[in-house]
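Asker: Dropping a structure here in structure tokens format, bear with me for questions.
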Amino acid sequence: MSAPKKVVLAYSGGLDTSIILKWLQTEYGCEVVTFTADLGQGEELEPAREKAVMLGIKPENIFIEDVREEFVRDFVFPMFRANALYEGLYLLGTSIARPLIAKRLVEIAAQTGADAVAHGATGKGNDQVRFELTAYALDPAIKVIAPWREWDLTSRTKLLEFAEQNQIPIAKNKRGEAPFSVDANLLHTSSEGRVLENPGEEAPDYVYQRTVDPEKAPDAPEFVEIAFEKGDAVAINGEAMSPATILTKLNELGGKHGVGRLDLVENRFVGMKSRGIYETPGGTILLEAHRGIEQITLDSGAGHLKDSIMPRYAELIYNGFWYSPEREMLQALIDKSQEHVTGTVRVKLYKGFARTVARWSEHSLYSEKHVTFEEDAGAYDQKDAAGFIRLNALRLKLIATRNARVKG
């Protein structure tokens, strides 16, 4: 395969991706286009433009985009309709961001006439898979460059030497190795590596950046009401908001009350186990509220089927198959289930917990007259239960009779 002439790089403006940018220029002799996404990570992104210009990137080849609304509307919300949890715990904050970044890389490549895209994911992690599966799903002819799998800059010392040799500025706090690596977006903050690599030791307090220590959270609970339409949150405390604004507000409330902390050892797609500290305050509240509204609006058969496919759906997202036909098939089923998931949920926030305390909906299947302990005015004839039990017990009785006969 011939060397690429123009490459679109997923660029943060940080030291590592700046080194990658210069490496692409020197190793491939190619023109580089940079793409920097505002996913709600809380960083000022204009310095990325300045750094790219300093490294020789043409102004017209610098793309900095606010994709927060698209991220929440088209990726986070569809995933939350499924109540997706990887291995029963992880809310997939990193996993769900990668398809959007990779999609934009491919789109910008088409727009600028680039023949390759590049990312800064290492050869040990899941992100390399997520970026590349998305790229190939959207453009089978695209070339993907993964510098961490190609170069010989295998230590922090070598990276810093390369930076110095190529006049890449190194902030003082980057001279030493960071105690852990951080990835953040509007859904979560994840921390991994170094001081966190021993799963037998509790994570230091300074690792947590988005949530207060639950023990130090306010002593008084706070209540928040979240309104849903067809499975998606549309308002908080009666105020209609955009998807990204809703998640931002829930992050603020959850972080204040220490909601959404997770210390997890997970199974990476590439075969190893890794330990991560995740903070997902708004997402944890949203998941609790969505489950709450489904409790009264979703039929038991549909709900149980939906629950049974959730682990597979979550695994597909974790492993990078957002644009696969099987994920899209499951999404169609999940979205169908949400047609009546409309109503409001009240959630109590208190010292690390988010708990549904009330829910109501015009689409509710909950019938108080059927479940009441008082007189139900003939709504339910308890005698009907006898035949129901006899029919369901028939096969169990036949099995027991057979077993007794065989043993006898």
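Every residue gets a Cβ built from N, Cα and C, even glycine.
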Asker: In Swiss-Prot, ALA10, TYR11, SER12, GLY13, GLY14, LEU15, ASP16, THR17, SER18, GLY120 are given as binding ATP, so which of ALA37, ALA97, ALA137, ALA141 is in that site too?
Answerer: ALA37
Asker: Given Swiss-Prot annotates TYR90, SER95, ASN126, ARG130, SER181, SER190, TYR278 as L-citrulline-binding, which of GLU202, GLU266, GLU294 belongs to that site as well?
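Answerer: According to Swiss-Prot, the candidate sharing the L-citrulline site with TYR90, SER95, ASN126, ARG130, SER181, SER190, TYR278 is GLU266.
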Asker: Does DSSP put SER190 (L-citrulline binding site) in a helix, in a strand, or in coil?
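Answerer: DSSP assigns SER190 (L-citrulline binding site) to strand.
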Asker: What residue among the binding-site residues TYR90, TYR278 has the most other CB atoms lying within 10 A of its CB?
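Answerer: Going through TYR90, TYR278 one by one, the largest Cβ count within 10 Å is at TYR278.
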Asker: Compare the C-alpha of ARG130 (L-citrulline binding site) with the C-alpha of each of the binding-site residues SER12, GLY14, GLY120, and give the closest one.
Answerer: GLY120
